[in-house]
Amino acid sequence: MKLHTVHIVGILVVLCFSNNAQGLTCLRCSDITEPRLCTKIERCQTGEVCAVQQYRADNGDIGYWTGCYPRQECAAVDNRTVVTSKRSQYIDGVVQCRDCCTSDICNAYGCGSPKYPDTRGPICFDCENVADPADCHTVTPCNLNQKCFIHEKTIFGKKYFTSKCESLMGCLPHFTGPVVGRKRDLPGVCLHCCDGDLCNADCSSAANVTVNPVQKPTVAPDHVAFHAIAYHSTVGKVVVFDHVLTNIGEGYDNTTGVFTVPTPGLYVFSWTIETYGRRTEAVLLVNGVQHALSRADQSSSYYDTTTSFVIRNLTLNDEVKVKVISGQAEARHTMFSGWKVNKTDDISFDVSLSREVSGTIIHFNNKTLDSENAYSVISGKFVAPRSGLYVFMMSANTYGDNEHVCKFSFSNSDTQPEIWVDSVTGQYDSSSYMTFNWLNAGQSVYAYASRMASDSMFAGWRLVDDMSVSKATYPAFLVHLSGSSSSSPIVFNRVHSRYSHGYSTTSGKFTADRDGVYIFLHNIEADSRIVTTTLRVNGENKVETRSDGRHSGYDDSAVVSVLQLFTGDQVYVAIQTGTADDGQSLFFGVLLYEL
């Protein structure tokens with residue numbers, strides 16, 4: 001990626017906020033080592049959200065900027081130089097990441113930086129003798145044995161307000177009743193302790209104690225989805241995917257690498273591992289028990305990537321993580337994603353191989369999930385029990401001196417792209433992709449290949465029934481490249497599944513027609529060279545891939561992306577280096593759910 005360094009001198013802009021302004025409250029700092037260490041805040045205007053930008057200074061130092069940012073520009077990269085219009089500043093550096101979010105002080109972390117600890121005291125306003133609580137722009141983290149406090153007093157005949165952390169014992173003398181949320185019996189005097197982030201913003205919020213409680217909500221989230229990338233290499237331990245792109249439902253912890261189930265139900269997970277010059281094996285663990293294994297395998301001085309999937313029914317507080325058990329997972333192209341299928345009683349299956357098999361129809365012998373006994377290990381086919389929009393996933397492995405084609409085959413004759421697995425003597429190779437299809441009850445699908453090795457898998461679930469959505473306008477597409485391309489965006493010009501909504505074969509871009517969470521997969525094939533690509537949202541790099549065909553002649557890399565989009569957002573795949581080969585270079589996307 002070519003980076004441009006630009007010198008920007010910000011102009012001080014004086015902004016006036018009314019006392020009843022309802023904008024977000026965001027942390028506001030420049031050139032800080034971690035966003036969570038910022039102790040200044042600003043109140044956003046209408047149309048702004050909280051943001052974190054990570055930048056690299058000219059001397060190589062990594063720093064962060066936090067503040068309010070225009071919502072419609074969150075995914076735009078403006079000449080990749082740190083910019084803010086809220087205050088005077090001079091920053092010389094290159095933006096490497098920008099994350100936006102939509103709740104008070106949510107920009108305490110982002111771009112791979114650590115969160116506030118799960119166990120902590122509240123974040124409280126911290127000002128002495130201000131004429132209006134709204135004039136306080138300083139916050140501080142309190143200790144576990146402290147609460148937020150706000151106090152009104154009269155000096156020289158004028159009211160002033162002090163906000164700070166106060167010990168539990170210090171709160172007691174001020175109240176005739178319980179510590180939190182009660183006044184002392186002094187009519188008209190503001191004197192409150194409260195327990196919750198920013199709850200001492202003013203007298204009314206401290207009295208009501210309804211603002212951002214520190215403890216996690218007791219109500220289970222309706223939607224759960226996450227996507228995180230490891231910005232550091234990993235050897236022999238759980239991978240901490242520290243850079244979070246999506247974390248709806250707050251189930252993923254980027255300090256531990258563990259996803260904790262916040263709502264029971266059906267979950268889909270995908271993980272991608274990149275290796276360099278060795279065999280790297282990674283396992284998916286559920287409550288410490290291995291549920292799947294994936295291998296990336298390559299000779300010295302070459303890269304290889306593998307992606308796999310599982311579907312599981314999980315209960316509250318189950319823990320899911322990825323662990324490297326041999327080799328080394330490389331940084332930036334190793335990632336982990338997952339999402340909850342909201343219809344927990346809907347149709348789903350997950351099958352895999354415990355041994356190598358051959359034949360045009362692959363009969364997966366290890367059935368770990370089959371909600372309605374719809375997959376037959378005898379026929380190798382999944383038969384839809386009811387009509388609807390189905391999503392399917394495949395990860396095909398081979399070993400030794402083999403090359404062969406794999407694809408999905410549907411009884412309704414929908415055409416599907418082919419992927420190739422191409423291994424050399426003594427090594428594994430894998431290839432993965434996702435597809436969708438509107439199936440009627442009784443229609444079937446199977447995995448077509450002449451051979452597959454152990455740990456290959458095939459899974460799917462019904463996303464929606466065709467009575468609840470419009471089959472003409474539901475966002476979904478699967479396209480592939482019918483000729484090699486080095487242009488950006490890559491224009492995948494052949495449409496599959498006889499249906500496509502939202503993707504343009506002219507521009508190569510998918511345009512979201514509604515707010516929601518979307519799943520994407522792009523698989524890029526390289527011919528005798530390294531090809532690097534990136535999935536972009538409105539021009540901003542989100543997820544990178546690297547395909548290395550220098551050793552075996554051809555190689556492909558597939559990666560899943562789970563992203564929250566707003567209406568009008570555009571998503572596409574861009575070339576960074578090299579040329580994407582035709583054939584199995586493909587792009588898939590589907591709406592998971594609306595927000």
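Cβ atoms are placed via backbone N, Cα and C, with glycine included.
Annotated in TrEMBL:
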- 1-23: signal peptide (SIGNAL)
- 219-357: domain 'C1q' (DOMAIN)
- 466-595: domain 'C1q' (DOMAIN)
* Structure fact -> For the domain 'C1q' (219-357), the DSSP helix/strand/coil residue counts are 0 helix, 83 strand, 56 coil
* What does DSSP give as the helix, strand and coil breakdown of the domain 'C1q' (466-595)? -> 0 helix, 76 strand, 54 coil
* Asked: Averaged over the whole of the domain 'C1q' (466-595), what is the pLDDT?
  -> 92
